[in-house]
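What TrEMBL says about this one:
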REGION    1-35  region 'Disordered'
COMPBIAS  7-16  compositional bias 'Basic and acidic residues'
DOMAIN    116-257  domain 'Phosphoribulokinase/uridine kinase'
BINDING   Gly121, Ser122, Val123, Ala124, Val125, Gly126, Lys127, Ser128  ATP binding site
Amino acid sequence: MSSGRVDAAHSHDHPGQHGHQTHGHHPHDHRESSPYIELDRSAWAALASEVDDDPLTEGEIRALRGLGEQLDLQEVREVYLPLSRLLSLYVESAGRLHRDQESFLHQSTPPRTPFVIGLAGSVAVGKSTTARVLQQMLAHWPEHPNVALVTTDGFLYPNAELQRRGLLQRKGFPESYDRRALLRFVVDIKSGKDEVEAPVYDHLTYDVVPDEKVRVEHPDIVIIEGLNVLQPARTREDGRTGLAVSDFFDFSVFVDAGTSHIRDWYVSRFLRLRETAFRDPQSYFARYASLSREEAVDEAVRIWDSINGPNLTQNVLPTRSRANLVLRKDRDHSVRYVRLRKL
Ligand SMILES: Nc1ncnc2c1ncn2[C@@H]1O[C@H](COP(=O)(O)OP(=O)(O)O)[C@@H](O)[C@H]1O
Ligand SMILES: CC(C)(COP(=O)(O)O)[C@@H](O)C(=O)NCCC(=O)O
């Protein structure tokens, strides 16, 4: 497994917290050592006024909001509207580049391939909500109406295989995925294959669903969301390095927050799931429904401290600086600042 620390561009864990300035209305990062521009919440939100698009309705937002997420109309307008506009600029620019390359080559080339966005971040940081909001908002732009969303959990090995490999307690770690199949999937998309299929994971049964697939047909944009999508390629035993899914991303977003906040969010979500999903007799966690609150907190903390916390520290966080854009959330889940790669 390759999980070498690649966060070298930032020696500080939390770039917004170490006394260096974020600039209000003149988003400019004077630190020449950083390849990022950092915009605080107000500077980023101000960009929304330049976008005269209707954000989502309250009803749509309710439907997109994940358990425990605080997403509201203000967050959508101030954070996600500018983000969807920025992403749309990148999509349009990729289209122009495709046309320019075609005329440079003096021959007609295959049609442009879908624009692929990677979305990474910890368990319980709210990736799926961000991904669903972006999917819906990007689909509003007439230039790219067909936006597909695929989560990488479908590419986890089934529990039986994880058990065989001794990885049942490592679910979510890079080695718990069928990385070859995931890579093939992304390569197929970026090869221009019209229809691709991905396997499906079910949180209720805590396992991959046998024989079920999600189909992606003629997408304009594909969002690929998962813990480890920004992992660099592995170095094989012969010292050679292969390809990683992130090699095929046209843009990537990392959803970030302080580790102790994410841990709290994981525990509160676990408590909420105990009152909802865990009550379903089909739930893999059904046995937790009868735990007292205290016992449930202990169990959530145990799972966090033995699986999701170490995975965040060892594998997920080190990939943060590979992202084109980092959304940094505050304790209340609202985005506090945005960090964007310089061009
Ligand atoms: N044990 C579970 N039972 C039912 N739903 C779950 C369970 N664990 C997580 N979920 C749901 O699955 C989705 C993905 O969760 P996760 O992988 O932690 O990513 P994130 O919180 O970043 O979106 C969330 O909407 C979450 O509420
Ligand atoms: C399914 C997950 C590995 C996330 O997968 P992803 O879609 O990010 O690839 C994660 O949500 C999970 O269930 N982790 C196992 C430990 C736990 O139960 O919290």
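Cβ coordinates come from backbone N, Cα and C, glycine included.
Only Val123, of the binding-site residues Gly121, Val123, Val125, Gly126, Ser128, place a Cβ under 6 Å from an atom of ligand 2. Under 8 Å, Cβ to Cβ, and six or more positions away along its own chain, Ser122 (ATP binding site) finds Leu227, Val255, Ala257, Thr259, Ile262, Asn308, Asn311, Leu312, Val316, Leu317.
Under the DSSP three-state reduction, Ser128 (ATP binding site) is assigned to helix.
Non-local contacts of Lys127 (ATP binding site) by the CB criterion (under 8 A, 6+ apart in sequence, same chain) comprise Leu119, Ala120, Gly121, Glu225, Gly226, Leu227, Val255. Residues Leu227, Val255, Ile262 surround the recorded ATP site, their Cβ atoms falling within 8 Å of the Cβ centroid of Gly121, Ser122, Val123, Ala124, Val125, Gly126, Lys127, Ser128, which are themselves excluded. Residue density at Gly121 (ATP binding site): 31 other Cβ atoms are found within 10 A of its Cβ, drawing on all protein chains shown. In the three-state DSSP classification, Gly121 (ATP binding site) falls within a strand. The binding-site residues under consideration are Val123, Ala124, Val125. Their Cβ neighbour counts within 10 Å are lowest for Val123. For the domain 'Phosphoribulokinase/uridine kinase' (116-257), the DSSP-based tally of helix, strand and coil residues reads 45 helix, 46 strand, 51 coil.
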